[in-house]
Amino acid sequence: VFPTWLAPNLITFSGFLLVVFNFVLMTYFDPDFYASAPGHKHVPDWVWIVVGILNFTAYTLDGVDGKQARRTNSSTPLGELFDHGLDSWSCVYFVVTVYSIFGRGPSGVSVFVLYMLLWIVLFSFILSHWEKYNTGVLFLPWGYDISQVTLSFVYIVTAIVGVEAWYEPFLFNFLYRDLFTTIIIGCALCVTLPMSLSNFFKSYKNNTLKHNSVYEAMVPLFSPCLLFILSTVWIFQSPSDILEIHPRAFYLMVGTAFANSTCQLIVCQMSSTRCPTLNWLLLLPLFLVVMVVNFGVTAYVESVLLYGLTTMFTLAHIHYGVRVVSKAAEQPFSYLSFLIEEAEFRLTRNGRKEYWHVICRKKYYK
């Protein structure tokens with residue numbers, strides 16, 4: 001489908017941008033997650049159609065980038081890192097976007113329940129990479145494909161029948177919001193967790209684990225767990241109920257910090273190096289903010305701290321990604337290419353002119 005000059009990394013990045021665009025679009029039309037609640041101005045039907053089409057397009061691009069890499073013979077470890085790194089950041093964007101279907105309100109989901117569901121998705125994602133860090137094998141649950149196709153379909157259906165259709169019980173007194181939470185929890189507990197643990201113990205029995213001690217095997221989970229503890233403490237100790245006031249910013253802060261820790265894990269698993277014990281660069285500022293909030297601050301100061309921390313995490317994560325890509329691009333056969341060009345060069349060898357067919361790759365970072 002795609003021309004051979006189109007690099008797989010560009011396909012990956014385009015899919016990620018579509019996910020971010022959906023997040024931004026829903027932020028404009030549903031900033032506080034009340035748009036789907038009864039008595040509130042609903043999101044226009046055309047927005048749901050756009051979000052559904054772009055979500056399916058992003059899912060498709062995420063699935064074909066690897067095929068394009070193999071087709072053009074441009075597969076590199078950096079391309080794999082680029083793909084999984086963006087996937088880790090996409091988790092928060094697509095989960096928060098889905099939230100707008102049900103929103104808060106009497107027929108929706110509370111912001112704290114969504115916070116917990118977000119963490120279930122995040123831990124499900126990192127569990128697969130924790131498995132590869134210890135076993136060398138990456139297991140990608142098939143539930144992801146079904147969920148993305150289903151979500152795209154639900155977006156389109158919402159545009160046709162309206163958000164009011166989700167107010168009605170799905171079965172007896174079982175609401176659609178309950179179905180939504182059950183699917184997320186069920187996939188994590190019945191598919192992702194059992195498969196990852198099963199593969200881990202199989203590797204243990206076969207004596208193929210990369211890390212023999214329990215401590216070293218669990219190191220990659222230290223930062224995400226501490227991030228969960230600190231962010232949850234902030235929610236419960238917040239004097240202004242920060243999650244109720246700024247849920248979208250809080251989700252983004254947590255999701256970005258998680259993506260950074262996950263990217264560090266991905267880099268370590270691909271380079272066969274030890275994962276850092278803690279992500280001090282992001283966890284230390286979060287710890288300090290939680291301590292300040294615990295002593296009591298005004299609602300305005302707490303909001304400033306949240307948005308300042310979210311901005312800092314975002315910039316730090318982007319900076320980390322650029323540095324990793326720049327360093328890796330300097331290694332042989334590990335470049336990040338956004339464009340592949342085929343050309344013919346006329347060379348002179350021993351007085352004879354010859355044509356050579358080569359592949360030129362324009363490096364985005366160098």
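Just so you know, glycine gets a Cβ as well, placed from its N, Cα and C.
Automated prediction, rather than curation, is the source of TrEMBL annotations.
What TrEMBL annotates here:
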type     : residues : note
TRANSMEM : 7-26     : transmembrane segment
TRANSMEM : 46-64    : transmembrane segment
TRANSMEM : 85-102   : transmembrane segment
TRANSMEM : 108-128  : transmembrane segment
TRANSMEM : 179-201  : transmembrane segment
TRANSMEM : 213-237  : transmembrane segment
TRANSMEM : 249-268  : transmembrane segment
TRANSMEM : 280-298  : transmembrane segment
TRANSMEM : 304-322  : transmembrane segment
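For the transmembrane segment (304-322), the residues of the chain that approach it from at least six positions outside its boundaries are 85, 89, 242, 246, 249-250, 252-253, 256-257, 259-260, 263, 281-282, 285-286, 289, 292-293, 297, 365, judged by C-beta separation under 8 angstroms. Across 7-26, 179-201, 213-237, 249-268, 280-298, stretch 179-201 shows the highest tally of CB pairs under 8 A with the transmembrane segment (108-128). The stretches the transmembrane segment (213-237) and the transmembrane segment (249-268) are in mutual contact, each linked to the other by at least three Cβ pairs under 8 Å (pairs 6 or more apart in sequence).
The transmembrane segment (249-268) is in contact with the transmembrane segment (280-298), judged by 3+ CB-CB distances under 8 Å for residue pairs 6 or more apart in sequence. Long-range Cβ contacts of the transmembrane segment (85-102) within its own chain (Cβ-Cβ under 8 Å, at least 6 residues beyond either end) map to 12-13, 15-16, 19-20, 22-23, 26, 29-30, 33, 35-36, 43, 51, 55, 58, 62, 108-109, 114, 117-118, 121-122, 125-126, 151, 154-155, 158, 163, 166, 176-177, 180, 248, 251-252, 254-256, 258-259, 262-263, 266, 317, 321. Remote same-chain residues near the transmembrane segment (179-201) are listed as 98, 101-102, 109, 113, 117, 120-121, 123-124, 127-128, 130-131, 134-135, 137, 139, 141-143, 147, 170, 209 (criterion: CB distance under 8 Å, separation of at least six residues from the stretch ends).
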